[in-house]
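Undergrad: First the structure, then my questions, so here it is.
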Amino acid sequence: MAARKQLTFVTGNKNKLREVQQILEKTPSFPFEIVNRDLDVPEIQGTTQEVAIAKCRAAAKILNGPCLTEDTALSFHALSGLPGPYIKSFLSSLGHSGLNTLLDGFSDRSATAICTFAYCSSAEAEPILFEGRTEGKIVQPRGPSNFGWDPIIEIDGTGKTYAEMEAEEKNKLSHRYKALELLREYLTKQG
Ligand SMILES: O=c1[nH]c(=O)c2ncn([C@@H]3O[C@H](COP(=O)(O)OP(=O)(O)OP(=O)(O)O)[C@@H](O)[C@H]3O)c2[nH]1
Ligand SMILES: [Mg+2]
């Protein structure tokens, strides 16, 4: 059997990489083998989509070829979508308890986890976006603190935070899984 073509996933986040690999192990029809490059790509300010597009363009230029990037946002509905794409610095500055405190005084603690993959087919190509969303609400931390804000989002209809789920369960309903499904459909059609 011919070896699958490789696609470079540019991320410095080992947890993202692990989940992508776990999800793709269960997706034999995914047309590429994913290889990782940990490049320091600047992230601009803007909407989740603008951040994802700029990140992928910059990575494709550095690699001088096709690449995949991913940007994750966590949007609090009571805060008109913030922290959104800025969740990384909010999390490192405020921690789980500070993120919870941001919502004190609001009755609405709902939030959307958004994963946006961006794919460039060449260094010059326009990035194409694939977005997955999973809804939940912000709660006091429950479950192991292995990955970012997993312990403080209780996923609608499950009664569990992402952190309380086995990897297999998270990977069947997560924002990342849904976005990867759309990417798989697109790449499969490209042949
Ligand atoms: O609990 C979580 N469950 C998840 O499923 C998840 N996915 C991402 N994150 C965190 O959200 C921020 C996104 O920022 P981000 O997209 O810029 O990622 P990053 O800078 O770590 O990696 P990358 O930009 O090199 O790919 C970072 O703090 C990530 O650790 C998650 N936390
Ligand atoms: Mg980043």
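Cβ atoms are placed via backbone N, Cα and C, with glycine included.
Annotations in TrEMBL come from automatic prediction, not curation.
Here TrEMBL flags 11-16, K55, 71-72, 147-150, K170, 175-176 as ITP binding site. Residues annotated as Mg(2+) binding site in TrEMBL: E43, D71.
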Undergrad: Among the binding-site residues E43, D71, D150, which residue has the fewest other Cβ atoms within 10 Å of its own Cβ?
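TA: Counting other Cβ atoms within 10 Å of each of the binding-site residues E43, D71, D150, the minimum falls on E43.
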Undergrad: Filter the candidate list E43, K55, G148 of binding-site residues, keeping only entries whose CB is under 6 Å from an atom of ligand 2.
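TA: Near ligand 2, sequence order: E43.
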Undergrad: Would you please pick out, from the binding-site residues T11, N13, N15, T72, the one with the fewest other Cβ atoms within 10 Å of its Cβ?
TA: N15
Undergrad: Under DSSP, is E43 (Mg(2+) binding site) helix, strand or coil?
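TA: Going by the DSSP assignment, E43 (Mg(2+) binding site) belongs to neither helix nor strand, so it counts as coil.
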Undergrad: Using a 10 Å radius around its CB, how many other CB atoms surround K55 (ITP binding site)?
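TA: Its Cβ has 24 other Cβ atoms within 10 Å.
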Undergrad: How far is it from N13 (ITP binding site) to E43 (Mg(2+) binding site), counting Cα to Cα, in Å?
TA: 14
Undergrad: To the nearest whole angstrom, what is the C-alpha distance linking T72 (ITP binding site) and E43 (Mg(2+) binding site)?
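TA: Between the Cα atoms of T72 (ITP binding site) and E43 (Mg(2+) binding site), the distance comes to 12 Å.
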